[in-house]
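Here is the structure we will look at, set down as structure tokens.
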């Protein structure tokens, strides 16, 4: 079996750490692993398959011995280094927003549009976390009923901002309990005991970038510019796992019980929906899971063909690291690496 | 000036405490105040206008000397005692769900349908907290543009479950920080660091009662059975103030800038919407306020005539105690007490 040299850029970050863990857990055919990070983390150790590995500096010249580099060190790092990595002969799977809407870059969710890896020119983009879990859940419904419109409100965890987000929430909560003043650094406002309708920066049309990602990425991944998406992205004081209240309107008649069966049979989806036993997906219980969890599936009585549902997934895994590793697996499957 | 004997049933609870405070703050013409609560709280003291008042037992026979009784002691207490209070000659303003959909009971938001107090037969119902803030925000838009459909996702605070909800969140957060096991009592699941898509009990159509209240109460208060409402009600770890992501579709063309002006001029609404300065309504900052705060007002590009907005209000005040006191004020204004 062929083995691959794999680099992880941002190896010390929240997503990078998950990437290393997932490469191990899924027994990805790693020949050589190369954790890369900023200069300050040079020489620090990470563990991979029980072995200590030294972190090296992510910089030009560091990619020549790699087959695949998984990038998750932010948009600036991707802009700086991904083209260099490609010119050094390595395929980049990029978790940032840098190349997602670039027409030369495929944007891939392996359960939805795996074949798009075929036309890559060196870079493949990993979609935004809130888009990934939404589209994994909606793909089987779109195939069957043709979705016309999506109205979605998100309930997003602080780990979407990496370790600094988690530390800020924990510190603010501690300050509240100890009756100290809350300090605000990562978010524009206090996140403990709050709901902030503002993720990423605002754009000219009064939506945030996070919201517009859900619009544009849906079009690109579904290869369907006609689906209309109306998003509200909100940060809430949850550590890990994003939740989404999703409302869809379809071309063809949709019925909740049948939709539930369609979802139950779809890849990477787990339907958890037994309201008589208070069972539905919950962010606090799904840390470390790989599937997209769907519950509260119910007819939308306000429109001819409509459905409401509640979708939860681990934003660091399916929303980021896992999807990136699955893209690498898809490249191998299609012999594109 | 005429003064009224006012009873507060549930005077030691989260909403009852606010009711006493609001009667003071608004200088309601109280002649005599009578705090009523369960037997266990008999003889405890509350303060009203700087004076200590003893809590008496809420029971039959306790209402004969009252003009108005504000009830907020739960549905069972209202079912038990409201009819007795009426037969003892007192007008009941009831904050529970007991009588809201009773065709003989007006359901009133003073900014929306004040004239409905005119036909009361002794009981007037205070709407559900999530309905009140939604309809205060939507009334001026409905008047101007005729709302056809509402898709709403809520982000509701634990104070909606009264003091036990607040204490449960605080205790779970403390346990998390101190690395102890979290205990679950008030909610079906851990509420700290979680989002629970389940408020009140489930009904046969797979929606919760909380969600169906938003449907039925909207019809009754707007006197319009045609408005379609698609709700998802979610509890999040916020102490006080509910937030709502509201999407509307209107008959007439609606434009965000004009809608913002319409809202700015409406009673009891404050538009806080300056995204260039990261300004929008936030639950953690609006405790103790009386208005309904609206921000993130933006065109919905997914539909012909659509608008998205973010609505926050203090669920214990405008969502409960304040609205009840305003109903009492409306009764006085219309000489119906």
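The count begins at 1 with the first shown residue.
Cβ atoms are placed via backbone N, Cα and C, with glycine included.
Any TrEMBL annotation is an automated prediction that lacks curation.
Taken from TrEMBL, the feature domain 'Semialdehyde dehydrogenase NAD-binding' applies to B:5-120.
Neighbour density for residue B:100 (phosphate binding site): within 10 A of its CB lie 22 other CB atoms from the protein chains shown. Annotation comment: TrEMBL describes B:100 as phosphate binding site.
According to DSSP, residue B:129 (active site, acyl-thioester intermediate) is assigned to a helical segment. Spatially close to residue B:129 (active site, acyl-thioester intermediate) yet at least six residues away along the chain are B:156, B:160, B:242, B:315, B:319, B:320, judged by Cβ distances under 8 angstroms. Annotated active site, acyl-thioester intermediate per TrEMBL: B:129, in sequence order.
In three-state terms derived from DSSP, residue B:156 (substrate binding site) belongs to an extended strand segment. Taken from TrEMBL, the feature substrate binding site applies to B:156, B:235.
Residue B:315 (NADP(+) binding site) falls outside any helix or strand according to DSSP and counts as coil. What TrEMBL lists as NADP(+) binding site is B:159, B:160, B:315.
Taken residue by residue with DSSP, residue B:242 (active site, proton acceptor) is part of a strand. Within 10 Å of the C-beta of residue B:242 (active site, proton acceptor) there are 30 other C-beta atoms, taking all protein chains into account. According to TrEMBL, the feature active site, proton acceptor maps to B:242.
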Secondary structure content, the domain 'Semialdehyde dehydrogenase NAD-binding' (B:5-120) (per DSSP, counts of residues): 34 helix, 32 strand, 50 coil
Cβ within 8 Å of the mean position of the Cβ atoms of B:159, B:160, B:315: remaining residues of the chain near NADP(+): B:14, B:129, B:156, B:157, B:158, B:161, B:165, B:240, B:241, B:242, B:316, B:319, B:320
Distant-in-sequence Cβ neighbours of residue B:235 (substrate binding site), under 8 Å, six or more positions away: B:156, B:158, B:160, B:187, B:191, B:195, B:196, B:198, B:199
Residue B:159 (NADP(+) binding site) to residue B:100 (phosphate binding site) - Cα separation in whole Å: 21
Among B:156, B:159, B:315, which are binding-site residues, the residue with the most C-beta atoms within 10 angstroms of its C-beta: B:315
Segment-level pLDDT (mean, integer) for the domain 'Semialdehyde dehydrogenase NAD-binding' (B:5-120): 97
C-beta crowding around residue B:160 (NADP(+) binding site), within 10 angstroms: 26
DSSP state at residue B:235 (substrate binding site), helix/strand/coil: strand
